[in-house]
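Here is the structure we will look at.
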């Protein structure tokens with residue numbers, strides 16, 4: 001049974017009823033230096049270190065997914081009595097934690113977290129179904145395909161009707177080919193494309209790849225804004241969808257707001273812990289434990 005946590009309701013959340021994927025890669029990192037704590041390690045830290053499983057948090061708009069994960073680690077380690085925890089430090093760490101499925105910094109919503117051996121389960125989060133609510137804006141294209149970027153093109157959109165948009169959505173439903181955004185977590189020579197672009201390097205677009213859209217519907221149409229409900233599989237980019245949709249309508253568009261409302265079995269309204277709820281007690285109540293096979297130590301490769 002899942003505990004219920006009431007989320008902070010934003011204007012866009014009022015539009016959604018348990019609906020919601022990409023840049024995606026499981027980022028497993030570890031945090032907390034036992035040597036930083038004064039005196040013996042307390043029972044709270046032992047309980048924290050013994051956790052194995054998955055839970056969900058609500059990522060707010062602004063920080064990266066990695067930043068939010070480090071904030072979570074630091075909060076938990078401080079609660080456990082670790083003084084001056086450094087969640088980014090890679091050596092002598094005591095808490096293994098990662099997230100499954102990166103959310104863009106300008107996006108918010110469900111971010112699934114794996115702790116302990118639960119990090120081994122994160123790959124299923126990448127491939128599984130996700131739901132989003134996206135607000136797009138017609139008539140303006142940006143370099144990042146969302147509101148965080150610079151406007152690089154403006155075109156008329158007055159000719160677009162609700163029926164036009166609904167008709168075009170059909171071409172983006174099912175098994176489709178999609179070109180990922182240049183600004184993404186995808187990597188070239190070990191570096192993220194977004195980082196290379198910010199450093200001034202020339203970056204070529206990745207080739208189109210197969211993705212799946214299970215459901216796609218227009219929820220609201222108030223030009224230049226429109227709201228989409230999206231259910232998709234792994235590797236799907238909502239920003240690319242909105243950009244492609246604008247082009248298909250003989251205009252242009254970008255993502256103005258994006259909320260992930262569901263990832264796997266975790267929903268924003270029922271399961272995602274908000275920042276003020278990041279405590280050991282709440283995580284223990286929310287944790288989906290690993291199976292016995294997932295809790296066994298991994299055998300060495302031969």
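Keep in mind that glycine also has a Cβ here, set from the backbone N, Cα and C atoms.
Curation plays no part in TrEMBL annotations; they are all automatic predictions.
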Region 'Disordered' per TrEMBL sits at which of 58-79, 80-101, 102-123? 80-101
By a Cβ-Cβ criterion of under 8 Å, what residues six or more beyond either terminus of the domain 'tRNA pseudouridylate synthase B C-terminal' (239-274) are in contact with it? 2, 4-5, 7-8, 12-13, 16, 18-22, 54-58, 100-101, 103-104, 106-112, 124-125, 128-142, 144-147, 149, 153-157, 159-160, 164-165, 168-169, 171-172, 178-181, 213, 225, 228, 230-231, 282-283, 286, 288
Over the domain 'Pseudouridine synthase II N-terminal' (90-238), what does the predicted model average in pLDDT? 88
